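Have a look at the structure below, then the notes.
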């Protein structure tokens, strides 16, 4: 917009006669009171836009009975006998093919509440009902900080692509999150949300819809086809056979033009080169359309893409809408080509609806207000700039926004939308009363009777374990670098401590080498896994809340897939350095020492999992890891004699795997050694292995207890890690 155009538009808006200006709105885009608005949304828009006020009760009832769904002539989602459509029907989860999603009087407040406070509040007596009311949209927060959404109403129809547009801070993403029941914990949302006229719950909407978020999150070591295969295994209905799932995967790959890259690794930005940004965005769509959802939400699908790729992505959405799906997306400053693809646009400004209708209608609406879009100008840019709040002109811009929103409320489009919603609601009520059609809410019935997970526990386990195992095999750092590191360290220790003999100097060196074994296995394995759950947490959270798999499935499979690596590395390390140093040459002692080192490595791995699960980021995990390990290192019996541990720290020494591992290795090394070469003049030289163990306050009778304690620490640390991960999912719910 040029400066002259901008100066021309604002005066034209302000020049409207005082008697024709709309009265100040109470943050509602439709001229109806709360009771009528709630009724319209609760029993709401069950028809295509073709149904108007002139449709009779007889025609609506006939469409219900013939098509099984009140979706105008294109229903087909019900059973055909007048019964409500089920959410768990056989065809890819069998839901109605045509869904009308409506929302009424949506308000959102930033409460200023910390992320964890709401979770703890739910545990307090008498707070369960309050939490449910807040989730269902009843009431307002006690101490609101900022009013983000202000009485937003709207409807999305099947076969249409609805784009939510507006300047930064207008409330686009907040509205989309509210429609999807995914608002952050510090945002309180109220209002009515309905599908085909019936109030819908969070779980039911998740089963009926797909949500393509702005950030593309994948396991980067998988190929495109492997990723979609995993998605098909956990997202499609459990009654669908494997062959049909694979056919669906291939169909989606073909439809979204992913054939050329189906065997290409997805990639990790900055680390592993993979597919392009446009292919990655199409892969996000492919993941969501596998189950053929009738309702789709997209948050900024063109973010980070050039104009050509952005147009291709929106064309994908347009094609989905043409197949009868209901598509809602937020978009920021689309090009004129992309703007022309939208069937409906919802202009947001300061949390209110400035316009809802066709793009052509938007141009006419602003033209009638005296702010016509200049010729050869992108209408999307014009609308966004007109409804933006300029930093140096806040008051004038807010007055313009209020004038536009109030004008739409009283405009022909706004009145038509209000009449349409109210007439459809009245017709629906009359049809139910006249014909005795269904009276119960099918979404609540499905929500109460169905599990949020499409796959069974066993199917989830097989799929997640398969993916975890593939990611381990394809991770170059975990396999190649760690094996090379183990080889180099074991050779270095073997060369430094090479050929120790059973004399006074050899005793000290052998004990030091054994403790080096423990130290190396601890720090190498702790830092190998300390970032595992931190780095994959966003992927896990998104997939878990999409109903793909359970928390326990993810944790068990992730840890089980890495067990072979943490068995192979200790075996390789011990096999190289054991005989180079000159430890007890008996073969059975070698295998026992290998088993002990293996147990210590897995205890350290379990402790690393615990740190990873309690840390909010990789940086935090790397910061708290070493300081927490050091106390356990000190209680290992090498730097501090176990008999000298202060009483107030005795409990901590019992949690030290260094203590149990060091004692077990020393017993394995020195038990049965009856003679050590000592000089006659040296009275402090230990004469046999028993003396060495007594000097360190170790006992051969504790060997079995040491082994059992190491197994117990593995189980205990992993259980605590699982609890920490479970708590994080509950807090984010």
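Positions of Cβ are set from backbone N, Cα and C atoms, glycine also.
As recorded in TrEMBL:
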REGION    1-30  region 'Disordered'
DOMAIN    129-375  domain 'ABC transporter'
TRANSMEM  510-534  transmembrane segment
TRANSMEM  555-578  transmembrane segment
TRANSMEM  590-611  transmembrane segment
TRANSMEM  618-640  transmembrane segment
TRANSMEM  703-727  transmembrane segment
* Counting only residues 6+ away from its ends, which parts of the chain sit with a Cβ under 8 Å from the transmembrane segment (618-640)? -> 511-512, 515, 518-519, 522-523, 526-527, 530-531, 534-535, 607-608, 611-612, 649, 652-653, 655-659, 661-663, 696-698
* Asked: Which of 555-578, 590-611, 703-727 has the most Cβ pairs closer than 8 Å to the transmembrane segment (510-534)?
  -> 590-611
* Same chain, outside the transmembrane segment (703-727) by at least 6, Cβ under 8 Å from its Cβ: which residues? -> 533, 551-552, 554-555, 559, 596, 599-600, 602-603, 606-607, 609-610, 612-614, 654-655, 657, 660-661, 663-664, 667-668
* To do: State the residues, same chain only, that lie 6 or more residues beyond the ends of the transmembrane segment (555-578) and have a CB under 8 A from a CB inside it; answer 'none' if no residue qualifies.
  => 461, 464-465, 467-469, 471-472, 478-479, 482-483, 486-487, 489-491, 493-494, 497, 513, 517, 520-521, 524-525, 529, 532-533, 536, 590, 593-594, 597-598, 600-602, 605, 609, 718, 721-722, 725
* Check the domain 'ABC transporter' (129-375) for me and report the mean pLDDT. => 85
